[in-house]
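A short worksheet on the structure shown next.
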Amino acid sequence: MHWIPIGASIYASNIGAPMFIGLAGTAAGSGIAVTIYEWHAVFFLILLGWVFLPVYVACGAYTIPEWVKKRFGGRRLRMYVSFLALLGYILFNISAEIYTGAIFLQQMLDWNIYLCVSIILGITAVYTTVGGLASVIYTDTLQAVVLVIGATILFFMSIIEVGGYEAMEIKFMNAVSNETRFNRSHYSCGVPPSDSLHIFRDAVTGDIPWPGALLGLSTLGLYTWDQDQIIVQRTLSARNMAHAKAGALLGAVLKLTGFLMFVIPGMNSRILYTEEVACSDPDKCMAFCNNKSGCTNIAYPLMVLRLLPKGLRGLMLAALLAALMSSLTSILNSASSIVTLDIWHQFRKKASQSELMIVGRVTVLILIGFSILWLPILQQTQGGRFWFYMQSVKSYLIPPLCMMFLLGLFWKRTTEQGVFWGLMLSIVVGVIRMVLDFTFLAPACGSDEVDTRPEIISKVDFLHFATILALFATIAMVVISLFTQQRPESKLHRLTWWTKDDEEEPDLTDDEDEEVHTTVHLKKDDSNTMQIQETEPSENGVYVRFKIICKNWVCGTDEDAKMHVTAQELKELRRKMTSLEETSLHRKILNASAIVVGVITVFLLGYFH
């Protein structure tokens, strides 16, 4: 792939419906601090291109769990990482996209939420299951253009409507509903925080406390941008390292626009439609948006519905559907890759390409089913602010995985036993916190209910908990690693930051290097030539040919596509796929560009603090 569609796909696959609903909704509730999630991503995308990706490419890993298996050995760790990734897709990826997209359609079309879900799934299922990664990346590129155009138009219209940026700052701090204005018990959640116009907030009372924003959020960012299959898969599709780095850098630049396209419009929506967006009475919130916890989630769709004329309203609906489909298809494509290559292949080592394609498509249906079952939980969490729900769940599951990758990449002494048991202990701690969080819900604003949540929930912000969990996981992994046998140096070639440039391949056993993603046969008439293909059916005739055509369409394979290569050509292909070569000019341009983008991001964080 070329670097432009890679960068556009990174951006579009991340900027889905949760940004329209969650990011804008959180900005409507508490101001600009949520921008740090967007600008944080800039640094981690630069890290992806310059630190993590060279290792993934050098070892020739197709998926992240595959790198885990090659780096640490054994099978259980790879399976664990694969299952945890699938659980994450259900809890905070697929269900999040479906739910937020349904909210948008429900507000615009006044349809039942489950009817909206059915339409969303029907639209995305077709080209995800038929087209594969190539179709996803190309449609992401087109959809990114639609998304940017639509969101930019709404930004300008909303900022003009409120009288400019300075007027917005003043009006936002006074955007309080009448119910809140005459009832002091609603002040805690009905009045914008005093630090609404600051990115870094109080370490104890802030809704995005600055220690959590710098430390806890870093663990989430490292996983999301540098270790998650959804993002890494796009950069691995690049034609060489220069295009991979440039694609990651383009994605980083596009992430800088989130402040203008989602945060500012969310705040403007509170100013323009204060009674609905800033409602604080549970009964009135239920009447406005079917959620007694609050209505900030509808900030963006409400503005689209009321501020834009019919033609532009249709454009924004197209932009939302574009964002939703690009994210959902990216998630489903990555999930099916993990299931087929990292789980199914462990039990069916000689599975044909057709079988793997069928398994991948059935996986898509199963994951969607579980995600729909999770939807009712989303409506009751985090005080009506969907964004905080999504990030809190990540905080309970992701930090141990992040530390596993960092230790495995930079500390060669890390062992499989240390990582595995460190993950086991950490996940117990994280799941306990998550269960408590879903069991003891915060009382709705204005309900006069007593807050009965344990202090580990009410006093420890989820970003602080992410920092604590990461520290606990690191200590556990390091201590256990020191008491267990180190992996031999010969098995670490090209698998760590320090060994990525090694000429030697890692000395893996047959069980550890069992990745065969295409069926390879030696031709009988030439022992030096390999034929890469699916086994041909033995029958002949028009009927059999018709069956083959039908099977190819359903399974996404091509029985006629054969690739004849010599052993030397196969070796050369492997060398190109794992090459870290760049021209001197490209390297200098990319390094300078990365520094400039990083400096701009630091300036923005300092200015808006």
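Note: Cβ is positioned from N, Cα and C throughout, glycine not excepted.
Per TrEMBL, these features apply:
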{"type": "TRANSMEM", "residues": "12-37", "note": "transmembrane segment"}
{"type": "TRANSMEM", "residues": "43-65", "note": "transmembrane segment"}
{"type": "TRANSMEM", "residues": "77-99", "note": "transmembrane segment"}
{"type": "TRANSMEM", "residues": "111-137", "note": "transmembrane segment"}
{"type": "TRANSMEM", "residues": "144-165", "note": "transmembrane segment"}
{"type": "TRANSMEM", "residues": "246-264", "note": "transmembrane segment"}
{"type": "TRANSMEM", "residues": "315-344", "note": "transmembrane segment"}
{"type": "TRANSMEM", "residues": "356-375", "note": "transmembrane segment"}
{"type": "TRANSMEM", "residues": "395-411", "note": "transmembrane segment"}
{"type": "TRANSMEM", "residues": "418-442", "note": "transmembrane segment"}
{"type": "TRANSMEM", "residues": "462-484", "note": "transmembrane segment"}
{"type": "TRANSMEM", "residues": "589-608", "note": "transmembrane segment"}
Problem - Proximity of the transmembrane segment (43-65) to the transmembrane segment (462-484), 3+ C-beta pairs under 8 angstroms - result: no
Problem - seg_contact(the transmembrane segment (395-411), the transmembrane segment (589-608)) with at least 3 CB pairs under 8 angstroms, min sep 6 - result: no
Exercise for the section: Flag the pair the transmembrane segment (418-442) / the transmembrane segment (315-344) as in contact if three or more Cβ pairs fall under 8 Å (sequence separation 6 or more). Expected result: no
Practice task
Sort out for me which stretch, of 77-99, 246-264, 315-344, 589-608, has the most Cβ pairs below 8 angstroms to the transmembrane segment (12-37).
Solution key: 315-344
Exercise for the section: Quickly jot the same-chain residues contacting the transmembrane segment (315-344) by Cβ under 8 Å, restricted to those at least six beyond its ends, or write none. Expected result: 9, 12-20, 62-63, 65-66, 69, 78-79, 81-83, 85-86, 89, 93-94, 97-98, 100-101, 104, 108, 120, 123-124, 127-128, 132-133, 136, 139-140, 142-144, 146-147, 149-151, 153-154, 228-230, 233-234, 304, 308, 351, 356-357, 359-361, 363-364, 367-368, 515, 517
